[in-house]
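Novice: Starting off with a structure, shown below.
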Amino acid sequence: PRPRPPPPRQPRPDMALRRLLLIAAALAAATAPAAAFYLPGLAPVNFCEAGKEKPECKSGIELFVNRLDSVESVLPYEYTAFDFCQAEGKKRPSENLGQVLFGERIEPSPYRFTFNKKETCKSVCTKTYDTTKPEDKQKLDFLKKSMLLNYQHHWIVDNMPVTWCYDVEDGQRFCNPGFPIGCYITEDGRPKDACVINSDFHEKDTFYIFNHVDIKIYYHVVENEALGARLVAAKLEPKSYKHTHPDNPDCSGVPMDISNKASGEVKIAYTYSVTFHEEKSIRWASRWDYILESMPHTHIQWFSIMNSLVIVLFLSGMVAMIMLRTLHKDIARYNQMDSTEDAQEEFGWKLVHGDIFRPPRKGMLLSVFLGSGTQILIMTFVTLFFACLGFLSPANRGALMTCAVVLWVLLGTPAGYVAARFYKSFGGEKWKTNVLLTSFLCPGIVFADFFIMNLILWGEGSSAAIPFGTLVAILALWFCISVPLTFIGAYFGFKKNAIEHPVRTNQIPRQIPEQSFYTKPLPGIIMGGILPFGCIFIQLFFILNSIWSHQMYYMFGFLFLVFIILVITCSEATILLCYFHLCAEDYHWQWRSFLTSGFTAVYFLIYAIHYFFSKLQITGTASTILYFGYTMIMVLIFFLFTG
């Protein structure tokens, strides 16, 4: 039979993720010994009804809670920072380095379910606030402030985000991997954020808290019946009820409102209902698809990405043609000169052959930048390569950051080697200074910025503040692994003979003639950065969205492609501009070639500022400082990498 065409207007999620989950599913279907090959955190878990438990199949379903965050603030907070129902005496799951650095704090919750057992309006706990007591008032005010800033819960069941799905324009359904604490009706009666979902939310200057959730868990029965079922989706709908009898709630009646001017006693009863539904069409391997398919804007962007690809390929063709034709012509003309008189009339780039390998000014700094840049380039390549294979999918929390940090630490050797090799060829003698600067200059700037940001987060009591122990661990990785590796690389770099130049450098530097506008350093550098930026800015929008608007990023296949294109474009744009100014008899090419591509980072910074003012609703001084502090780290890394 002919395969059915896919439904219209649905973006395809990245194949890498599907491939990964299919591999995991295939492994799961294999025999028991094959369990050794599971990717961490991605083995399927089987569930069966109470009374039918077996070693490979359990009945209890645990719900975990992650940090709460908001698009209006950069500060995430732990679940325990709010006065919600707590899970007593349960152990927190361990987190990897990437999760800690990203501020993820996963904790057990008091919500417990039994597989295929329906619960209706089950009470979790009741919180009472007496506004005359300062401690209670402070807790209630914090809750109100978080509703005002639209902070969102992030719940996890069986390593899947619990989603809140609702209809958006064009009859599409959007599944949000979080749901709000509550919402606010302004003093002039305008509903903010999630208050638009219910017409009962109409009291002015009032907060409505979502104290009840209707959870629907979808499962797929495994073909081999003996194994039980696997969860394929968990969806919820937040509701608000003012439970008149908190001990015996019935989940009906008016919503739970908290007036902004409320005084006296406020009681909030938290409840939940859970139902189970068999879903035959979704398999465990493709259970993330429905979240990824509803991500906003993805389908508009495929066209733009293809568009930028075409532009870049066109540029590459142009650059290659100019280079080949011009150089070919020059060399052919050079080879045709048979008499010595002709050879005297040199022109263009041949005039500077005696000065072309003159060491650059500030050669030490350039060699250090080149070393650090090499380290970042290899790190990015390997991380994206692994991400393409699907090892760093969203299901594997924190893996991307962990991978990047570990690779950066282990790549000290190439950094030391490249820096030492270039420094030696620039005729440098102070090799100790060179090694120390390579080890400490760029990482030191990043760490100092990071440390200041961390102090601000710590002062604000945010969960994104890195614990002291983790900071010590990062310093230990840097000083005990990265620095010695950099020294080893530098040792081999200095041991090798300096790079031999094909021409001798003249004793007296040649005078550089008056330059035209576009061969002057600054205009050339500014022009050079435009081309590489042109091919990345669409992906940049997605990446900034995933960092600041808390959306999942899963298009690693495209990102890898864009990365390769960026590397090619940076190289070609630099070669082209370098050729132009050598033809204009300006032989200071080393710094210019680094800065021509490196200037892309300045465009990145301008774009990040534009993104901040046009796309984000971030308020507050701390959040603004944090946004620009973290952006500066990204800009520095990007500068070294493109340069």
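Easy rule for this one: first residue shown is 1, then count along the chain.
Heads up, the Cβ atoms here are built off N, Cα and C, so glycines get one too.
Copying in the features that TrEMBL gives for the protein in this structure:
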- 1-36: signal peptide (SIGNAL)
- 302-324: transmembrane segment (TRANSMEM)
- 365-392: transmembrane segment (TRANSMEM)
- 398-423: transmembrane segment (TRANSMEM)
- 435-458: transmembrane segment (TRANSMEM)
- 464-494: transmembrane segment (TRANSMEM)
- 525-548: transmembrane segment (TRANSMEM)
- 554-582: transmembrane segment (TRANSMEM)
- 594-613: transmembrane segment (TRANSMEM)
- 625-642: transmembrane segment (TRANSMEM)
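I would like each feature placed in context: is it buried or exposed, what are its neighbours, and how far apart are things?
Specialist: Tertiary proximity for the transmembrane segment (398-423) is limited to same-chain residues at least six positions away from its ends with a CB under 8 Å from its CB atoms, namely 95-102, 104, 363-364, 366-368, 370-372, 374-376, 378-380, 382-383, 386-387, 391-392, 431, 434-435, 437-439, 474, 477-478, 481-494, 496, 499.
When Cβ-Cβ distances below 8 Å are used as the criterion, the transmembrane segment (525-548) is approached by residues 71, 74, 301, 304-305, 308-309, 311-312, 315, 518, 555, 558-559, 562, 565-566, 569-570, 572-574, 577, 592, 595-604, 607-608, 611, 615-616, 618, 627, 630, 642 of the same chain, each at least six residues removed from its ends.
Long-range Cβ contacts of the transmembrane segment (554-582) within its own chain (Cβ-Cβ under 8 Å, at least 6 residues beyond either end) map to 13-17, 292, 298, 305, 308-309, 312, 315-316, 319-320, 322-323, 326-327, 348-349, 352, 356, 377, 380-381, 384-385, 387-388, 392-394, 515, 518-519, 524, 527-528, 531-532, 535-536, 539, 542-543, 589, 592-593, 596-597, 600, 642.
If one looks beyond the transmembrane segment (625-642) by at least 6 residues along the same chain, the residues whose Cβ comes under 8 Å of a Cβ in the stretch are 74-75, 369, 372-373, 376-377, 380, 442, 445-446, 449-450, 452-453, 456-457, 532, 547-548, 566, 570, 597-598, 600-602, 604-605, 608, 612, 616, 618.
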Novice: Would you confirm whether the transmembrane segment (435-458) and the transmembrane segment (365-392) meet the contact rule of 3 or more C-beta pairs below 8 angstroms, pairs 6 or more apart in sequence?
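Specialist: These two segments touch.
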